[in-house]
């Protein structure tokens, strides 16, 4: 184990030439980042998660109810033993062949069966109230940490001149405010890493999981190598757009459409300007070029820059989604439906179709038919469904 640790913490990988770990040990005169400091993030991540649960229960939920946010979830599909068995044991997305088989077995038209499966899938999705509470928690945290970051950074020289990030590196003392900022951010992202498995599931789960892994790795990597000055710039820059996004989502859940539209427009501008403009010209420029000019090259620097470039690739992907959704909405004259990230009306929708609002009573192929299923027969249809006349209307 000692050999493995010695190999992993090889100074020639992590540090510039002629610098050793002994040089960066904290003393009474100056404190430096230590790898063991990061262990504090795990209990703090648990505390943040518990604070979130209390916040959503005792603050966010009463606020949501006061704002008349819908507490009920999507409309439930009416009980049907055969379809339920297929849904739970076989597939949630039946293909055309299976739909035809179920249609003959139940004497329902295919459209009614498709609607049942859609409603049954949506039944497992969270209510608007739940989504509002999650967004309010994230909005509160992002607003707090972004405000803290701005107040901290405006007193630092590297906010105005990024070359100051490398002045005296790596012998840059760790300030208490910077240490607090880093540990809280790392703890929050650790809490997201684990809570996303129980949070609202969205179509971009894999992308977000990748984002959280890259973020946690970047924070940890930059702390261990004392690249914390440029790290604070990166953290603060990313939090700016997240504040506006969560505010826009809350406005959407409250059905304040004009406010939601305004906030989403603001979010799109802030996101694209900060992630595709400021980030590469400000952050990547200083880590790829100014750092190299000041210190030369060492292996950890390459890993750090690769992680930053991966983050930029994710920025480009999300910007593409935002621009695509905005263009589609504008071209259709539906500015109120372009909400780009995590909102119920866009491509990453929580609710699959607006037809959730349709009535759930299926339309039998044969009016007033008597069907026998699981030993139950009668004029009231299958498993408690009422049978009605065939309707050809499509939504």
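Here, residue 1 is simply the first one shown, and the rest follow in order.
Using N, Cα and C of the backbone, Cβ positions are placed for all residues, glycine too.
Unlike curated records, TrEMBL annotations are generated automatically.
The DNA-binding region annotation in TrEMBL covers 85-128. Across the residues of the DNA-binding region (85-128), the predicted structure has a mean pLDDT of 89.
Under the heading compositional bias 'Low complexity', TrEMBL lists 372-384.
The compositional bias 'Polar residues' annotation in TrEMBL covers 385-395.
Marked as domain 'Homeobox' by TrEMBL: 83-127.
The domain 'TLC' feature in TrEMBL is assigned to 130-331.
What TrEMBL records for 346-395 is region 'Disordered'.
According to TrEMBL, the transmembrane segment annotation covers 38-55 (among others). Proximity of distant same-chain residues to the transmembrane segment (38-55), defined by a Cβ-Cβ separation under 8 Å and at least 6 residues beyond the stretch ends, is recorded for 136-137, 140-141, 183-184, 186-188, 190-191, 194-195, 220, 223-224.
Cβ atoms under 8 Å from those of the transmembrane segment (179-198) belong to residues 31, 33, 37-38, 40-42, 44-49, 52, 141, 145, 148-149, 152, 205, 208-209, 212-213, 215-216, 219-220, 223, 228, 231-232, 235 of the same chain, restricted to positions at least 6 beyond its ends. Annotation comment: TrEMBL describes 179-198 (among others) as transmembrane segment.
Feature annotation from TrEMBL assigns transmembrane segment to 262-282 (among others). Sequence-distant contacts of the transmembrane segment (262-282), counting only residues of its own chain at least 6 positions beyond either end whose CB sits under 8 Å from a CB of the stretch, comprise 162, 233-234, 237-238, 240-241, 244-245, 247-248, 251-252, 311-312, 315-316, 318-319, 322-323, 326, 338-340.
What TrEMBL lists as transmembrane segment is 302-323 (among others).
Taking H, G and I as helix, E and B as strand and the rest as coil, DSSP gives the DNA-binding region (85-128) the counts 31 helix, 1 strand, 12 coil. With a cut-off of 8 Å between Cβ atoms, the residues of this chain six or more beyond the transmembrane segment (302-323) that come close are 207, 210-211, 214-215, 217-218, 221-222, 225, 227, 234, 268, 271-272, 275-276, 279-280, 283-284, 287-288, 340-341, 347-348.
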